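Asks: Quick one: structure below, then a few questions.
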């Protein structure tokens, strides 16, 4: 089993590596970091501009594959992702922002997966009952709503709630209240409240997708012979459903987790921007608007590593659930 | 029999399981049973579901509204009404006006037209790419198959939204048509995998073999025998692809990477409305509502189609 997972990991590793390299090449071709220096008044000399661009390793006169190679060597040898156009190390910026993004993404996707799987199993068992219909149409409604709209609608709702309560029950702009002092607990609580709305939004998105997929897999499993056999040999309905049904239905889900994680990453990035978190979303937005090639490359590397880990994790889950791949 | 063997028999090879589609499309498990009346059968099942009619009538009305609505309304999207700036919905301005007095109802209709056009082109275009790539990979097998599957996996590594954001400087100065093509270019991968696995099972069936041994060229075999057999899946994918494309367009435009001024789409309208979403909610709520109703109607049709094509998925036979 370890060999199997290792083989999959190597496969994903090379895929992510090549995807990151491609993203580097594409962003180098799409972005023009020199343009903003030409637009300055007084315009810097060509020599100055070249020096700045060479220092960042983004001079468009150097062949793009050469720059890609330098970028990779720099990562391997110095562990550095280069500097941004503001002169600050990309690695440091990402490290200071990654926590914000990961907290939202991990908490949101974990709760979303649990809620989604539960709702999916529940919907399959109670097929066509009112609760199943409600969950089904609810998830279609969420599919039909862009992520940022969910975020803004939650904000409007929270404002109405605050107004009705006559006090600031839910605060939602930014990641924490600026200038708040107090004990460790107060600060953690404050961050928790700020995290509430974006997490709800992410859970809704995740749960909508997972519940649909889990429901359809679970329905296939429910009509399988081995469930009838389990019932016939005297297992109770619930035990047959959980021990034989849910476990089997989770096997294809583990692959689906890996596929859908990308959607959750982009959803989480959008929500960060909507709720003005200083996370990777804002970083990527700034990077594109400032034509910062190193920052864009760093962002894609960050995303690729997340995908690499989630894919490997889903393989581990697959192997743990499905005895066939273990030997 | 042990549980292990039972699951083995039930679930087939793990390879078959790796075909998740956005809404968990149930892929017909056996070889599709073709008969002359299959199309009619699907149509009959489709027209018996109320979801289909609700979705179809709603989307029909929305299309007519988007096309003809501006003709029966006195204001256009750009004219400012200096006497009614920043007003909520009134009898004069049905959806209210923005801070410089432009009519939101007229703007919403213009944005809706653009979003619909982009969705209706990009969705089916993505399906077309999926059909071509998937059937060629599945039919030819060997090196071509491996290379195409590898490309698909590569494109699936990074989320397509992030790829589109990285590419956005390329279509910054270009018209919305390029945005549409880019959206389609990043939305075909999962469907291509589904088509590929279906094609692989079809190519060994007798009617395809017969055609091959008679010397029918590959292009014709794909067009006459393979694609018609996966057509139902493609129709579902094209329908849901419209939803995905409109979502991609509005999200990109919202964050400033898609449609740009002077063009207007629902995404740019929502972007403008967000800053005032709390104080003047109509600027956000009306375009958002129109967008959600549109996408919901299309997803209802897609869902009804899926049930009509594959009635066994989701039927509890216990």
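Note: Cβ is positioned from N, Cα and C throughout, glycine not excepted.
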Asks: Pick from A:173-191, A:192-210, A:211-229: which range does TrEMBL record as transmembrane segment?
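Replies: Among A:173-191, A:192-210, A:211-229, the range TrEMBL annotates as transmembrane segment is A:192-210.
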Asks: Go through A:12-31, A:137-161, A:256-275, A:295-321 and flag the stretch with the largest number of C-beta pairs under 8 Å relative to the transmembrane segment (A:104-125).
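Replies: Out of the listed stretches, A:256-275 contacts the transmembrane segment (A:104-125) most.
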Asks: The transmembrane segment (A:137-161): which same-chain residues, six or more beyond its ends, come within Cβ distance under 8 Å?
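Replies: 169-170, 172, 197-198, 200-201, 204-205, 207-209, 211-212, 266-267, 270-271, 273-275.
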Asks: For the transmembrane segment (A:295-321), give me same-chain residues lying six or more residues beyond its boundaries with a C-beta closer than 8 angstroms to one of its C-beta atoms, as numbers and ranges.
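Replies: Hits for the transmembrane segment (A:295-321): 1, 4-5, 8-9, 12-13, 16-17, 19-20, 23-24, 27, 31, 71, 81-82, 84-85, 90-91, 93-94, 98, 105, 247, 250-251, 254-255, 257-258, 261-262, 265, 280, 283-284, 286-288.
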Asks: Can you name the far-off residues of the same chain, 6+ from the ends of the transmembrane segment (A:256-275), with a Cβ under 8 Å from a Cβ of it?
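Replies: For the transmembrane segment (A:256-275), the sequence-distant neighbours (Cβ-Cβ under 8 Å, at least 6 residues beyond its ends) are 100-101, 104-105, 108-109, 112-113, 147-148, 151-152, 155, 172-175, 194, 197-198, 201-202, 205-206, 209-210, 213, 281-282, 284-285, 303, 306-307, 310-311, 313-315, 317.
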